[in-house]
Amino acid sequence: MSGLGKVSPAKRVDGNNDLPLFYVNTMSVEPQSRPSDTPRVSVTFAEHLMNVEDARNDESASSRALGIASPITSSASSFNSWTSAPASSISSSPFVLSFNDLTYSVNIQKKFNPLACCRKSRNGSSVNTKILLNGISGEAHEGEMMAVLGASGSGKSTLIDALANRIAKDSLRGSITLNGEVLESSLQKVISAYVMQDDLLFPMLTVEETLMFSAEFRLPRSLSKKKKKARVQALIDQLGLRSAAKTVIGDEGHRGVSGGERRRVSIGNDIIHDPIILFLDEPTSGLDSTSAYMVIKVLQRIAQSGSIVIMSIHQPSYRIMGLLDQLIFLSRGNTVYSGSPTHLPQFFSEFEHPIPENENKTEFALDLIRELENSAGGTKPLVEFHKKWRAKQAQSPSYSHGNKKNNNASLKEAITASISRGKLVSGATNNSSNLTPSFQTFANPFWIEMIVIGKRAILNSMRQPELLGMRLGAVMVTGIILATMFTNLDNSPKGAQERLGFFAFAMSTTFYTCAEAIPVFLEERYIFMRETAYNAYRRSSYVLSQSIISIPALIFLSASFAATTFWAVGLSGGTSGFLFFFLTILASFWAGSSFVTFLSGVVANVMLGFTIVVAILAYFLLFSGFFISRDRIPVYWLWFHYISLVKYPYEGVLQNEFQDPTKCFVRGVQIFDNSPLGEFPNDVKLNLLKSMSGVLGTNVTAETCVTTGIDILKQQGITDFSKWNCLWITVAWGFFFRVLFYFTLLIGSKNKRR
């Protein structure tokens, strides 16, 4: 096969070349013996990806992986989805997203008023209803950009959320259809993408790495690594990020890409699979005019590749207005204008507020809307005028003719045609026998997702070694202090008591040092919500991957702490005793990090999370059995003793230390050490022992063992579980909290308004 063609920058017909738009030139698939009269076949961008490697061997299989037909048989009728010319990117089965009479309101609780009980409110209710959207209707077409404008609080973001299925169905009234068919939530997640206002990116990854990880999530496993890289490189060029491809994203503490580049990376993250519909919330917010224009220019090219682009925008510049196709102006949830930017002068002229010649049209419109909002009658006259104006426009022949062609393609036909052009590469397949497109909920199996999530987390952590270093430093400092404070404990009564104190402090310290895990998920929280909202990966894959990659660090920390303290303190058991001590420390770290991870999924504030963790761990230590033995705990608090995370590792290491029945901790005269008699001379103590022997009928000498390790365990009330059972219970607590963490993600990351 020869002449596969190459990707090259296109010169736009409008002469604007500030951002290179990459497309695939018309290519020929020519066997060496091709007859001269065989027509040349146009190949789409997606088909080009499928043919750049081993074209003859895997042509049909690769085409199915991308959800397209074989280029030999069907590419003559396909369109170039990344072409620069708008005319060539509009399909014969265009998509039309229609929304009709969208209404959304929220209940606002009145502020607490201590006198409310003394007087009755007018409506007898303490709840006010605020309407955020009031009967919003419109249409967005394939190949066009629709912008929602208005002042702060006008409902721009709410409308975008409503269209992007980010408002609960039972809270939103009205209908949203794609090509006349109701757009189901499961289908919308596959064919659309949502770019948040905030740039939620991992700061220590480069632009290229960020997009590559997104490709590994959103593109199917059947697509080779080489082809995914080709997709990423083409996207980098399309977004105008070639010069920043190797630069880290950066944050407040690390210098990285510019604000405009960050915004384009955020967009690239969500269009890596070439969605049909792209929603954006304030994509130009916080950018200078040049960066904002470049972002909108990129969005225009995405639309011209065969997508519907809908965005909210605060106040577009004159140049940006020239790129937009449809506008919706909102005022306090009502539509005050909808239509083409070119019709704005006519609209306001008929409203008897003509736009001056040299005035920016959007600035004039927004200023007028603000003036009306502050007037006595509000914007009601403008809202009513807009309804009449739209009704008159709908009756005009040009309007009817322009919209008739958009309604003759069913959703099934439009999606099938879109797949044949190479869109929806994240799991759409085209069944050529019945022309029925099918969709996978996720592009990859869960184990692939786990590998990619783990690889990304490890790479991000390796570029921030100070995080592990700080935690290791805290563990080592604690271990050194304990090792020097409790050096070479003897087998005296005081030595036994000091061992109890060492174990209680050591076990509780392992849990307290796990509190640093709180910010880890909170920093990723909104990235996770953005990625899972549109099925980049499963929540279960995230939980499993994060659990597995945390284990090596926990092993390292546990080994460091155990090696620092075990022999320096003089604990018993030899090698087997050290191994169990190490395993118990590891299990404690595992249970503690799982518990803290679970709390980070429940509490969204770092400071509040630290406060809760410290308080709960203090309660766990209080009820562990160190301060008061199990037998002395009041029965109504006994349940807390059994759910204390500190109880099980504490009892396990105590049994590991005191399980030897031959080891004695109190001999003869040592029974007087913890009493006032301990101050008397040994001769007096020996005489007392002789007297006691006569009374007890048992010979008690200075060397007679009075208290063994088993006796100490009984005194502490440690008789419920063996040391190995304590270890397994601690490990089980860790798994239990990981499961709870999964359910908090499942319930708490719906990311939908109510």
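Every residue number used here counts from 1 along the chain in the order it is shown.
Cβ coordinates are placed from backbone N, Cα and C, and glycine is handled just like the others.
Values in this document were obtained by computation on a predicted structure and should not be read as measured data.
According to TrEMBL, the domain 'ABC transporter' annotation covers 97-357.
The feature transmembrane segment is assigned by TrEMBL to 468-489 (among others). Cβ atoms under 8 Å from those of the transmembrane segment (468-489) belong to residues 461, 495, 498-499, 501-502, 505-506, 509, 513, 516, 553, 556-557, 560-561, 564-565, 568-570 of the same chain, restricted to positions at least 6 beyond its ends.
For 501-522 (among others), the entry in TrEMBL reads transmembrane segment. Same-chain residues lying 6 or more positions outside the transmembrane segment (501-522) and placing a CB less than 8 Å from one of its CB atoms are 467, 470-471, 474-475, 478, 482, 486, 489, 528, 546, 557, 561, 565, 569, 584-585, 588-589, 591-593, 595-597, 599-601, 604, 606, 609-610, 613-614, 617, 620-621, 624, 626, 645-646, 649-650, 653-654, 657.
Annotation comment: TrEMBL describes 543-566 (among others) as transmembrane segment. When Cβ-Cβ distances below 8 Å are used as the criterion, the transmembrane segment (543-566) is approached by residues 446, 449-451, 453-454, 457-458, 468, 471-472, 475-476, 478-480, 482-483, 486, 502, 506, 510, 513, 521, 577-578, 581-582, 585-586, 589-590, 593-594, 597, 738, 741-742, 745 of the same chain, each at least six residues removed from its ends.
Marked as transmembrane segment by TrEMBL: 578-599 (among others).
Annotated transmembrane segment per TrEMBL: 606-628 (among others), in sequence order. Beyond the ends of the transmembrane segment (606-628), by six or more residues, the same chain brings 500-501, 503-504, 507-508, 511-512, 515, 518-519, 522, 596, 599-600, 637, 640-641, 644-647, 650-651, 716-718 to within a C-beta distance below 8 angstroms of the stretch.
Positions annotated as transmembrane segment by TrEMBL: 727-748 (among others). Long-range contacts of the transmembrane segment (727-748) within the same chain, counting only residues at least 6 positions beyond its ends with a Cβ under 8 Å from a Cβ of the stretch, are 528, 532, 539-540, 542-543, 547, 580, 583-584, 587-588, 590-591, 593-595, 597-598, 601-602, 645, 648-649, 652, 721.
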